[in-house]
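**Student:** To start, I am sharing the structure in question, which I have written as structure tokens.
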């Protein structure tokens, strides 16, 4: 039996609630999924989480799996989406909290634990609320480029295609939007 057929059988068994069959799918594809995550640049500290999130999502979506298509491709599509989610989350944190690189976010608190303390969580929520309300004060064009690139995670060419602009126009709007946002946030801080 070829691997694709074995995957189809295991997926069908798992979809009917057979956890052992799903465990075999995890064993068959977990290492390759982790290697893919590393190749996409996912930090080692997040690889296991991405793999676990992928398999949890796959377990919940087994009824949607089309047995006429390869299970591995379906699973890796879910994994790729989880990796993109992680990048989006980190990009938003980086943009909103101004870390020079994503590693600075974990080191900024000066503690070994990655989990922020209660004071840091409250401060982060307050800062996020402040930035979100300030985004609403930007003109539509500025808000669109910031949301598409910094929050949704689109590249400048993707944002340009969505907005019907040239890449240079998007670059210019991003620069102006960041300057406006920074000025609004500074003015808000002085109040």
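Keep in mind that glycine also has a Cβ here, set from the backbone N, Cα and C atoms.
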**Student:** For the feature motif 'Polymerase core binding' as recorded in Swiss-Prot, pick the matching range from 35-48, 49-62, 63-76.
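**Tutor:** Here Swiss-Prot associates motif 'Polymerase core binding' with the stretch 49-62.
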**Student:** What else in the chain is close to the motif 'Polymerase core binding' (49-62), if you only count residues 6 or more beyond its ends and a Cβ gap under 8 Å?
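**Tutor:** 11, 14-15, 22, 25-26, 30, 33-34, 37, 42, 74-75, 78-79, 81-83, 86.
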